[in-house]
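S.K.: Next up is a structure, given as structure tokens.
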Amino acid sequence: MVAHAEINNLSFVYADENEYALQHISLSIQKGEFIVLAGGSGSGKTTLLKHFKKELLPIGKRTGDTYYDGTLLENVPDLLSAQEIGMVFQNPENQLVMDTVIQELAFSLENIGLPSHIIQKRIAELISFLGFQDLLHQSVHTLSGGQKQLVNLAAVLVMQPKLLLLDEPTAQLDPIAAKEFLGLLKRINEELGITIVLSEHRLDEVIPLATRVICMSNGRIVYDGSPKTVVANMWEVEKFRPFIPQIPRLFLEWNAKDIPFTVREAQMKLNNFSAISYVNKPIAQSEKQEVILSAEHISFQYEKNSPLILRDLTVSIEKGEWVALVGKNGTGKSTLLTLLAGLQKARRGKVKWNGKVIHKIDSKERFKSIGYVSQHPYYHFTFDTVWDEVYERARELYGEQGKEIAEHQLKKFWLYGLKERHPHDCSGGEQQLLALCTTLLSKPTLLLLDEPTKGLDPWKKERVGELFRKLQKEGTTIVMATHDIEFAAKYVDQCMMLFDGAVIMNDAPKEFFSGNFFYTTSINRFIRKELPYALTWEDVYEACPNDILHS
């Protein structure tokens, strides 16, 4: 049987670079598979995905061949490629080109010359399948991140593709929107028979959906097989262990023979064994510190007659505290960060830093002492190479020492090997690290971070978490907006949930997540009855004996 898509001994190096992004890749994909590409940042996942669609082939030197339904990729007709091979990217903003949802859906169909009655029929049928009729005539700019990504997916599906490629499609979605999006992908795969190849760092939700997992490292395929086989292989190599989702990781630590991947599977296994006993230890309360940053009764809207994004919101952040802002896409987390940074001014209320109204502080002092990283890191970039981005800022701050400091900083953030690359050619995770790397050069005492772990692989995420903890011990105050529940649960001091323009929950992670049904970790959902405050596999492993499954 001819493979749906096939790659034979593909190697690729980007233009003006020496290190190969892909090395000797051979891969065969059958119709109807649901494949998850796993691996570290810069391991070649995005580059590999782009080699399945000729319009997206990156510029550089390649050897080897790619086939689609038995035809060399470069010989696949343009119209066929446009219709049958679809791709959804990480950033929901990047693919939207029209003003309204219905225009976005019609755009691609009009481009391939379909008559209006066929366009109307396809859109009607798809909207009925996806179930978002209420969004059809809305402006795409008013949609939440989850809704925008749903529209991106719909704009690809309306072409009736046979192969669907997705590059970290849930990276900017809140946990509930991400779960809904992935559930829709599974439905598309099972009900429509569309082949799916998806790259992802957060494997907890996607591995249970996959029929096959491919793990990459340094441009090579290191493991390829069923989810259980690949996870078992990853367990044998220390550097891949952080990539294993929380529930299977816990059971592997317990030396279980049959590894569960979902909360339901894990609970069924636990029901077969003696109940876990636990001591409900009191949670230590940290000493109160001085309030260094506050927002007092602030309200904000982008236009005079537009809806309020924030309404009468009051928060206070203590010196040296690490706070996570969580909540659904569109609840105002990013807006609040820009107000705290002094980049925008509240319509009502005041933001104070060190007791001073933020807008009365000299802008140079603000820029040096307050580090802000947007959820769109490429907004920060003004130079043509990674090196220039870091060196020019280091030279501005430290003069002749700038070169040495820039080299050290690039190595610290795993970017030195990319120093000649254009920032826009870096992966999403690499862009995130570059923006963070540059921002930290000024040694800010306040860090305001919008989705700082987005696009980072689990290993780098742990290193960044440790770096933030070190900065915190040195007196840095950190406020971050995040959808990464596991990261927040493991590292932060305080969690605040935004809803309807206000903070509705504010607590330490263990109290915050243990009281939630949806906004909590997979480990807590699995074992909250036995261990109410357990949020990570480490929490459970510490509380339970190693041989629990054999008791």
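Backbone N, Cα and C atoms are what each Cβ position is placed from, and that goes for glycine too.
The shown structure was predicted, so the numbers you read here are calculated from the model rather than taken from an experiment.
According to Swiss-Prot, the protein has these features:
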type: BINDING; residues: Gly39, Gly40, Ser41, Gly42, Ser43, Gly44, Lys45, Thr46; note: ATP 1 binding site
type: BINDING; residues: Gly327, Lys328, Asn329, Gly330, Thr331, Gly332, Lys333, Ser334; note: ATP 2 binding site
type: DOMAIN; residues: 5-243; note: domain 'ABC transporter 1'
type: DOMAIN; residues: 293-525; note: domain 'ABC transporter 2'
S.K.: Quick check: which same-chain residues outside Gly327, Lys328, Asn329, Gly330, Thr331, Gly332, Lys333, Ser334 lie with their CB within 8 A of the centre of the ATP 2 site CB atoms?
M.R.: Ser144, Asp174, Ala481, Leu498
S.K.: Using the Cβ center of Gly39, Gly40, Ser41, Gly42, Ser43, Gly44, Lys45, Thr46 as the ATP 1 site position, which other residues in that chain lie within 8 Å, going by their Cβ?
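M.R.: Nearby residues not in the site list: Ser199, Met216, Ser217, Ser427, Asp457.
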S.K.: Far apart in sequence but close in space: which same-chain residues, 6 or more away, have a Cβ under 8 Å from Gly44 (ATP 1 binding site)?
M.R.: Ala21, Leu22, Ile25, Met216, Asn218, Gly219, Arg220
S.K.: Helix, strand or coil: which one is Gly327 (ATP 2 binding site) in, per DSSP?
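M.R.: Going by the DSSP assignment, Gly327 (ATP 2 binding site) belongs to neither helix nor strand, so it counts as coil.
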S.K.: Please state whether DSSP places Gly42 (ATP 1 binding site) in a helix, a strand or coil.
M.R.: coil
S.K.: So which of the binding-site residues is most packed in, judged by how many other Cβ atoms lie within 10 Å of its Cβ, out of Lys45, Lys328?
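M.R.: Most Cβ neighbours within 10 Å: Lys45.
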S.K.: Taking Cα atoms as reference points, which of the binding-site residues Ser41, Ser43, Lys45 is nearest to Lys328 (ATP 2 binding site)?
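M.R.: The answer is Ser41.
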S.K.: For the C-alpha pair, I'd like the distance in angstrom between Ser334 (ATP 2 binding site) and Gly40 (ATP 1 binding site), rounded off.
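M.R.: Here the two Cα atoms are 27 Å apart.
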S.K.: Quick one: Cα separation, Ser43 (ATP 1 binding site) versus Asn329 (ATP 2 binding site), in Å?
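M.R.: Taking the Cα atoms only, Ser43 (ATP 1 binding site) lies 29 Å from Asn329 (ATP 2 binding site).
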